[in-house]
Amino acid sequence: MARAWGLLLAIGVVLPTWLSSTKVSSLIERISDPKDLKKLLRTRNNVLVLYSESEVAAESHLKLLSTVAQAVKGQGTVCWVDCGDAESRKLCKKMKVDLSPKDKKIELFHYQDGAFHMQYDRAVTLKSIVAFLKDPKGPPLWEEDPGAKDVVHIDSEKDFRRLLKREEKPLLMMFYAPWCSMCKRIMPHFQKAATQVRGHIVLAGMNVYPSEFENIKEEYNVRGYPTICYFEKGRFLFPYENYGSTAEDIVEWLKNPLPPQPQVPETPWADEGGSVYHLTDEDFDQFVKEHSSVLVMFHAPWCGHCKKMKPEFESAAEVLHGDAESSGVLAAVDATVNEALAGRFHISAFPTLKYFKNGEQQAVPALRTKKKFIEWMQNPEAPPPPEPTWEEQQTSVLHLVGDNFRDTLKKKKHTLVMFYAPWCPHCKKVIPHFTATADAFKEDRKIACAAVDCVKDKNQDLCQQEAVKAYPTFHYYHYGKLVEKYESDRTELGFTSFIRTLREGDLKRLEKRREEL
């Protein structure tokens, strides 16, 4: 008996020792009551909740999150729910936390503005979690990309100065901003180049968008993003300005780094000669009156698509203008010089084609090749009306936007949502199957198939909140709460089978209740 009592005392000592070794910040709120969590989500708009299978499973995460909570104090809230605790099991079940798989010991869920935002799926590091809580809708850190492991990631001016002082190897430094589209385009090539030259040359990256880096931006003339600078033995030599380069281009340049060469100014298209007529604000109206059939290309000197189309347009003009029987002519307007014409015809993209018949503007289809230009000018007809968009078609699919998304989903027990982009070929392929599925269940008021066009401006925040990273993405919602990502067959059979399984589950639960009564 004494030995047993001694063993119990020993256990009693061990457990408190373990608990004391896990330094949990007082800033982490431990919650077990559903009402308490509901109240917290209602009063805090940026909450990260750690759900754990047990206290032991939460130990390492609690140590990390204690530091996170201190770093985001006043900006975000960190909570912990121990699903192994009898009092908390009901809460975990209510929040649809599934820790049943043997390898799943914890879940990190993020809630924003009182609603579930996403399952945290980024790197479980102090830097990544803090960055996420400071900007939940922002992109992941560059260093979270496994392919960027050979890029040196700089976080502070102190680290940057230390790198310049200590690094003996040549250094190519990219100063960037996380939101910059040009930066995102070159990053995969930059990191691939870093791997190829590893051990010989250092490639590094630094997000200098925050205001704390104004000194660095001034010192290295960072006027736009990205700005890439080449250093040797800590001394800045010159910038690297080929922002459209591939990994191979970067590696090749690093073999013999040279400063940017002065650019030879391009000859304006109008001064090159050729068969195309070049019109201005002053002579445009008179020209289209004198020619019964005129196709006009509005262009900009810097526009890559214009440069690609220019030789096709010139070749077509040579054929048309050399045919005595042809009444059609091709003309061009530099919209950057002739701003009055550009404004008058609402030119907002380049190249833009306008067609004039006897001085009157008429519709023109999308033309890009010599053959199409010639065919159109030989028989200019009004293009057929564009096919109605998916949203304009009469179907049973609910087309939602950010304003009505939450309210609509809350009214439906089961909703399968397709997040898509109209230009996406995979989306176009699956639309008929998804539409047929919606039609199949249109009589069931508890079931809906909905779609969100992520390209629309008013939907972009919503698609970010729902963690849509590719098109199409399918999510299943139960009374407005995200339950799971649908990853089965993207066919009518796959969709209908999934929804029927949900409906069969409802029937089984109903029968069980009746039996209990």
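Every residue gets a Cβ built from N, Cα and C, even glycine.
Note that the structure is a prediction, hence the values are computed from the model and not measured.
The feature signal peptide is assigned by Swiss-Prot to 1-21.
Here Swiss-Prot flags Cys83-Cys92 (among others) as disulfide bond. Residues within less than 8 Å, Cβ to Cβ, of Cys83 (disulfide bond) and separated from it by at least 6 positions along the same chain comprise Tyr51, Ser52, Glu53, Ser54, Arg89, Leu91, Cys92, Val97, Leu99.
The domain 'Thioredoxin 1' annotation in Swiss-Prot covers 132-259. Averaged over the domain 'Thioredoxin 1' (132-259), the predicted model has a pLDDT of 92.
Cβ environment of Cys183 (disulfide bond): Met174, Tyr176, Ala177, Tyr225, Pro226 lie under 8 Å away, each six or more residues apart in the same chain. Summarising the annotation, Swiss-Prot assigns disulfide bond to Cys180-Cys183 (among others).
Summarised by DSSP class, the composition of the domain 'Thioredoxin 2' (268-382) is 43 helix, 25 strand, 47 coil. Sequence annotations record features per position, and here Swiss-Prot assigns domain 'Thioredoxin 2' to 268-382.
Annotation for Cys303 (disulfide bond): same-chain Cβ neighbours under 8 Å, separated by at least 6 residues, are Phe350, Pro351. What Swiss-Prot lists as disulfide bond is Cys303-Cys306 (among others).
Here Swiss-Prot flags 376-504 as domain 'Thioredoxin 3'.
Secondary structure at Cys424 (disulfide bond), as computed by DSSP, is coil. Under the heading disulfide bond, Swiss-Prot lists Cys424-Cys427 (among others), citing sequence analysis as support.
Feature annotation from Swiss-Prot assigns motif 'Prevents secretion from ER' to 514-517.
If you draw a 10 Å sphere around the CB of Cys92 (disulfide bond), it holds 22 other CB atoms from the protein chains shown.
Secondary structure of the domain 'Thioredoxin 1' (132-259) per DSSP, as helix, strand and coil residue counts: 53 helix, 27 strand, 48 coil. Separation of the C-alpha atoms of Cys180 (disulfide bond) and Cys424 (disulfide bond): 22 Å, rounded to the nearest whole number. All protein chains considered, the CB of Cys306 (disulfide bond) has 21 other CB atoms within 10 Å. Here Cys427 (disulfide bond) is positioned 29 angstrom away from Cys306 (disulfide bond), judged by their C-alpha atoms. A C-beta separation below 8 Å, combined with a sequence spacing of at least six in one chain, links Cys424 (disulfide bond) to Tyr471, Pro472.
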